[in-house]
Amino acid sequence: MDRIHITGGTPLNGTIPISGAKNAALPLMIASLLTGETLELINVPRLADIAALTRILGNHGVDHMVVGKRPGQTAETGQTVRLTASNVIDTTAPYELVSTMRASFWVIAPLLARFGEAKVSLPGGCAIGTRPVDLLIMALEKLGAEIEIDGGYVVAKTKNGLRGAEITFPTVTVGGTHVALMAAALAYGTTVIDNAAREPEVVDLAECLSKMGARIEGAGTSRIVVEGVARLGGARHEVLPDRIETGTYAMAVAMTGGDVSLVNTRTELLASALDVLASTGTEITALPDGIRVRRNGGGISPADVTTDPFPGFPTDLQAQFMALMTLAKGQSRIRETIFENRFMHVQELARLGARIRLDGDLAVVEGVERLKGAPVMATDLRASVSLVIGALAAEGETQINRVYHLDRGFEALEAKLGRCGARIERVRA
């Protein structure tokens with residue numbers, strides 16, 4: 001099993017190109033099942049989760065072709081892919097494939113909408129709480145699907161196609177909104193999605209579906225209206241920049257010091273997180289094609305955050321921000337409201353010398369003067385990168401084990417950090 005070795009204490013300086021967002025690319029790839037024509041996606045990151053979904057789509061008969069890369073990206077990043085679902089041979093998504101990645105469950109929506117049936121295994125992915133699929137199933141049932149759970153599979157059928165309906169989510173759900181959008185695009189009549197997720201990745205999916213011929217209004221608000229159409233066609237669409245990767249590298253610079261330009265990204269994708277970061281004493285400057293992050297001396301000021309759906313502070317940056325706060329000059333309080341059991345990184349940060357106390361959904365971080373390198377173990381995707389950030393600022397060497405979690409969500413991480421001066425090396429098993 002691969003490990004990453006980091007020798008900390010070096011400020012980051014240089015330029016980091018931000019990859020396409022994994023959390024946008026996954027539903028976009030799944031949307032290829034809605035049409036028999038070709039969907040071309042630009043700026044798709046090279047990640048383990050993307051490869052896993054490619055295998056799942058291939059199992060259904062989707063043809064996948066890599067045709068190039070996004071201009072401005074490095075050799076190891078930013079691929080352009082063409083997906084063609086003209087010969088779907090199977091509407092079953094088996095356990096051995098779906099269990100590797102939670103988002104793959106979303107294939108149930110386009111399969112059901114286009115073919116009238118789907119059999120999809122209950123999902124896997126990061127082990128952060130239960131994250132049930134109940135809301136996704138509820139949305140499909142509202143649209144007229146007949147659903148049963150049989151042997152660990154969700155079996156969905158519709159006799160005469162899906163029909164528009166009013167869907168009100170009791171809590172904000174990104175996955176549920178993705179599923180509702182894809183299913184409603186081919187449903188008969190009008191679908192209204194209330195309490196819809198407002199995340200940029202939802203907007204990106206809606207924009208791509210619109211290019212394919214869908215009729216969608218209100219994406220980016222809490223109320224989305226979809227007028228179903230009889231068929232969707234092919235399209236060409238660029239995946240939006242990864243706001244979580246942007247925030248992660250910004251926090252790495254804030255923690256280690258230095259001056260880094262994050263390019264191929266947009267400030268509006270991360271407004272709340274950048275505001276919080278600025279309050280810690282980090283200088284944030286907008287660039288024409290990204291942001292510049294600087295911290296050249298002075299301590300890190302403590303700050304309190306509560307994770308919330310967009311436009312609030314992202315849960316996917318909670319672990320990274322906690323790593324930053326371990327060196328703050330004072331106490332900070334971090335409340336996690338999106339997922340339960342998302343503090344698994346705490347005990348590993350403690351191995352580096354962090355002082356963190358947990359009380360339910362609240363983490364109280366007492367800043368320390370310094371961290372010291374130690375062997376640590378990644379527990380999930382975002383927790384693993386928080387250990388990278390901590391290790392970059394720690395004295396001495398840190399060995400991070402189980403880094404396959406990193407490969408699920410961070411494209412060319414060692415190369416990007418290494419070009420900015422980080423002393424980071426992957427040791428192959």
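Backbone N, Cα and C define each Cβ position, glycine as well.
Residues or ranges marked as active site, proton donor by Swiss-Prot on the basis of sequence analysis: Cys126. What Swiss-Prot records for Lys22, Asn23 is phosphoenolpyruvate binding site, and it gives sequence analysis as the kind of evidence. What Swiss-Prot lists as UDP-N-acetyl-alpha-D-glucosamine binding site is Arg102, Arg131, Pro132, Val133, Asp134, Leu135, Asp316, Ile338. According to Swiss-Prot, the feature 2-(S-cysteinyl)pyruvic acid O-phosphothioketal maps to Cys126.
Here the features listed in Swiss-Prot are painted onto the structure.
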residue: Lys22; record: phosphoenolpyruvate binding site; DSSP (3 states): helix
residue: Arg102; record: UDP-N-acetyl-alpha-D-glucosamine binding site; DSSP (3 states): helix
residue: Pro132; record: UDP-N-acetyl-alpha-D-glucosamine binding site; DSSP (3 states): coil
residue: Asp316; record: UDP-N-acetyl-alpha-D-glucosamine binding site; DSSP (3 states): helix
residue: Ile338; record: UDP-N-acetyl-alpha-D-glucosamine binding site; DSSP (3 states): coil
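The Cα atom of Lys22 (phosphoenolpyruvate binding site) lies nearest to that of Asp316, taking the binding-site residues Pro132, Val133, Leu135, Asp316 as the candidates. Remark: of the binding-site residues Lys22, Arg102, the most isolated position is Arg102 (fewest other Cβ atoms within 10 Å of its Cβ). A straight line from the CA of Leu135 (UDP-N-acetyl-alpha-D-glucosamine binding site) to the CA of Asn23 (phosphoenolpyruvate binding site) spans 19 Å. Rounded to a whole value, the Cα-Cα separation of Asp316 (UDP-N-acetyl-alpha-D-glucosamine binding site) and Asn23 (phosphoenolpyruvate binding site) is 11 Å. Shown are the binding-site residues Val133, Leu135, Ile338; of these, the residue with the fewest other Cβ atoms within 10 Å is Leu135. A simple Cβ count within 10 Å picks out one of the binding-site residues Asp134, Asp316 as the most packed, and that one is Asp316.
Asn23 (phosphoenolpyruvate binding site) is 17 Å away from Val133 (UDP-N-acetyl-alpha-D-glucosamine binding site) when you measure Cα to Cα. Put simply, Asn23 (phosphoenolpyruvate binding site) is 16 Å from Ile338 (UDP-N-acetyl-alpha-D-glucosamine binding site) when counted between their Cα atoms.
A separation of roughly 11 Å, to the nearest angstrom, links the Cα atoms of Asn23 (phosphoenolpyruvate binding site) and Arg102 (UDP-N-acetyl-alpha-D-glucosamine binding site).
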